[in-house]
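Visitor: The structure's right below; bear with me while I get my questions together.
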2 protein chains.
Amino acid sequence: MNEPSSLAPVGVVGLGLMGSSIVAALLVAGHPVRAIAPIATEAPHAPERIGGQLRQCRDADLIGSTQLYLDALTVSEDYAALAGCELVIECVIEKQEIKSAVYQKITGAVSAECIIGSNTSAIPISELQKFVQIPARFLGIHWAEPAFMTRFLEITCGEQTDPVFAERVFQMAHGWGKEPTLLKKDIRGFITNRLMYAVYREIFHQIERGHATREDVDKAFRYDAGSWMTLMGIFRRMDYEGLKDYESILGRIFPQLSNRTDVPEIMQQMVREGARGVHNDRGLYSYEAGEGHQWDEAFARFNQEIHGLAAEYSAEKVKAYLQ
Amino acid sequence: MNEPSSLAPVGVVGLGLMGSSIVAALLVAGHPVRAIAPIATEAPHAPERIGGQLRQCRDADLIGSTQLYLDALTVSEDYAALAGCELVIECVIEKQEIKSAVYQKITGAVSAECIIGSNTSAIPISELQKFVQIPARFLGIHWAEPAFMTRFLEITCGEQTDPVFAERVFQMAHGWGKEPTLLKKDIRGFITNRLMYAVYREIFHQIERGHATREDVDKAFRYDAGSWMTLMGIFRRMDYEGLKDYESILGRIFPQLSNRTDVPEIMQQMVREGARGVHNDRGLYSYEAGEGHQWDEAFARFNQEIHGLAAEYSAEKVKAYLQ
């Protein structure tokens with residue numbers, strides 16, 4: 001990555017789990033970061049948490065040492081600290097009225113040149129855009145957890161976003177070590193989420209009919225889809241398999257897929273019963289007490305490995321073996 | 001894996017790419033394999049190809065040396081070689097009339113105790129079942145390429161399959177180093193294929209409307225879905241993320257997903273134009289001459305790595321860190 005503080009300062013508003021992780025990603029990329037904690041209790045813990053994340057980055061050889069990067073961070077409750085930022089990323093909770101108030105405060109602190117991005121995954125960018133003074137400079141910048149260790153970044157235009165600014169953030173994101181995607185319309189759920197919901201619609205349909213178990217579905221995805229996903233994605237996979245079979249099977253299977261619109265009963269039941277998955281050891285699987293933490297640890301380590309693997313197998317590198 | 005020839009002999013009919021790869025998987029698992037080449041020209045090349053695959057297994061530390069395993073292979077054009085096999089796997093081309101003829105010949109050679117499995121991914125097991133003498137002992141055994149290096153195996157019951165035999169193959173498959181899934185009804189496309197077709201239905205809808213590019217979709221899948229797929233699968237991922245958000249988003253997004261039944265124009269066009277993806281360097285992406293071979297190489301190597309990674313991160317191992 002870049003030297004610490006070698007780039008222009010970026011603002012981050014919101015220092016929850018995701019916000020901290022985004023701060024770490026931007027520090028590693030070489031930006032000084034001006035972090036705003038709208039929730040006063042978040043501020044004191046943030047540097048320690050972000051320090052821990054930077055040590056993970058160091059252990060993964062993304063940076064040489066942590067302190068110089070951590071020195072490029074300021075944490076404040078005062079939005080005035082955002083003055084001079086050309087980009088501010090909002091990652092507060094998914095409530096329109098709270099986000100709206102946050103945008104007022106950001107706008108009060110920055111110049112008219114500043115681009116404001118939201119990390120929302122739940123609210124349409126075109127909606128949030130109504131709350132800012134210059135909608136053309138507002139867009140979605142959606143990260144994947146942990147932001148400092150994933151290559152994914154989804155940039156989404158709202159109806160009023162000027163594509164020039166989306167393009168600018170798209171370019172910047174390459175400098176952050178990301179493989180950004182640019183979505184020109186803010187369809188609900190953006191790309192991966194929306195596509196995965198297509199999977200969920202079909203799989204709940206099959207599970208409810210007793211055609212397969214949850215365990216079997218997870219195995220199929222881990223070992224079958226998982227065996228090519230990180231190498232190829234969707235369309236490269238089709239090219240790899242050859243296209244003719246797909247064409248005939250698309251026509252046969254599309255009419256048989258579920259078109260349901262209701263919420264599957266098992267999910268309603270889980271929520272009724274207060275199941276929060278690994279977070280309270282009750283979910284679609286059963287968990288021993290404390291097992292949730294193990295999954296956090298495992299995901300952090302796995303992510304580091306798959307991150308490295310994805311880089312080794314970029315399309316450019318596959319092609320380069322030709323020479 | 002097991003010592004060479006330490007298990008009962010298994011028959012394999014069909015020695016194309018997939019058949020050879022299945023033979024290698026069974027040899028590595030410790031079965032003597034009696035391979036039948038219904039296409040005479042396949043027989044002479046099979047041992048060499050399978051030898052190469054066994055060397056890949058040796059390089060991945062799945063076996064110690066190749067020769068003893070290769071010695072457990074017989075290749076013949078004469079179905080009589082199948083006598084004594086308790087399991088025969090058919091992997092000839094996806095034509096009902098050819099498969100039907102093959103089943104007649106298998107039945108003529110084996111005892112009434114023999115289980116016959118088909119590697120088909122295109123024809124319903126309930127259909128193929130009509131061509132065999134003992135439909136209760138017929139089922140789908142669907143492998144993923146390369147069979148000797150993937151953990152995925154989909155066992156599918158047809159309408160007349162006795163679940164006892166599906167269960168028996170399911171148990172055997174664990175001994176082959178697989179993470180098998182058992183599908184109690186032969187829904188079209190089985191599990192992963194069918195679920196991926198739900199993705200394709202939605203993504204062609206978005207692509208045709210210009211909301212995202214193919215490249216961006218592939219990036220989103222490689223770097224976002226790919227970052228957790230091999231670790232978690234579908235339902236574990238929901239538990240990991242917490243269930244409440246899913247429940248509310250399912251209800252919002254399901255009604256917005258595409259219910260199309262037509263074959264996307266881009267796929268029709270590709271097939272009309274004779275595009276066969278990496279196989280003739282013309283497809284959804286553009287390819288330099290010979291690049292297809294690079295993708296073969298890359299997939300072979302990637303598979304080896306993701307295979308190892310999946311094993312390191314089994315649910316049991318994640319849980320074991322608790323102790």
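Going from the start of the chain as shown, residues are counted 1 onward.
Placement of Cβ uses the backbone N, Cα and C atoms for every residue, glycine included.
The shown structure was predicted, so the numbers you read here are calculated from the model rather than taken from an experiment.
Pulled from TrEMBL, these are the listed features:
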DOMAIN    A:10-185  domain '3-hydroxyacyl-CoA dehydrogenase NAD binding'
DOMAIN    A:189-287  domain '3-hydroxyacyl-CoA dehydrogenase C-terminal'
SITE      A:HIS142  site 'Important for catalytic activity'
TRANSMEM  A:6-29  transmembrane segment
Visitor: Which sequence positions outside the transmembrane segment (A:6-29), separated from its termini by at least 6 residues, show Cβ-Cβ distances below 8 Å to it?
Guide: 35-39, 42-43, 46, 49-50, 53-54, 57, 62-63, 69-70, 72-73, 75, 79, 81-82, 84-93, 102, 106, 110, 119, 143, 145-148, 175-177
Visitor: What count of other C-beta atoms do you get within 10 angstroms of the C-beta of A:HIS142 (site 'Important for catalytic activity'), across all chains shown?
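Guide: Within a 10 Å radius of the Cβ of A:HIS142 (site 'Important for catalytic activity') lie 25 other Cβ atoms.
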Visitor: I'd like to know the mean pLDDT over the domain '3-hydroxyacyl-CoA dehydrogenase C-terminal' (A:189-287).
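Guide: Average per-residue pLDDT within the domain '3-hydroxyacyl-CoA dehydrogenase C-terminal' (A:189-287): 90.
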Visitor: Under the DSSP assignment, what numbers of helix, strand and coil residues are found in the domain '3-hydroxyacyl-CoA dehydrogenase C-terminal' (A:189-287)?
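Guide: So the domain '3-hydroxyacyl-CoA dehydrogenase C-terminal' (A:189-287) is made up of 67 helix, 3 strand, 29 coil.
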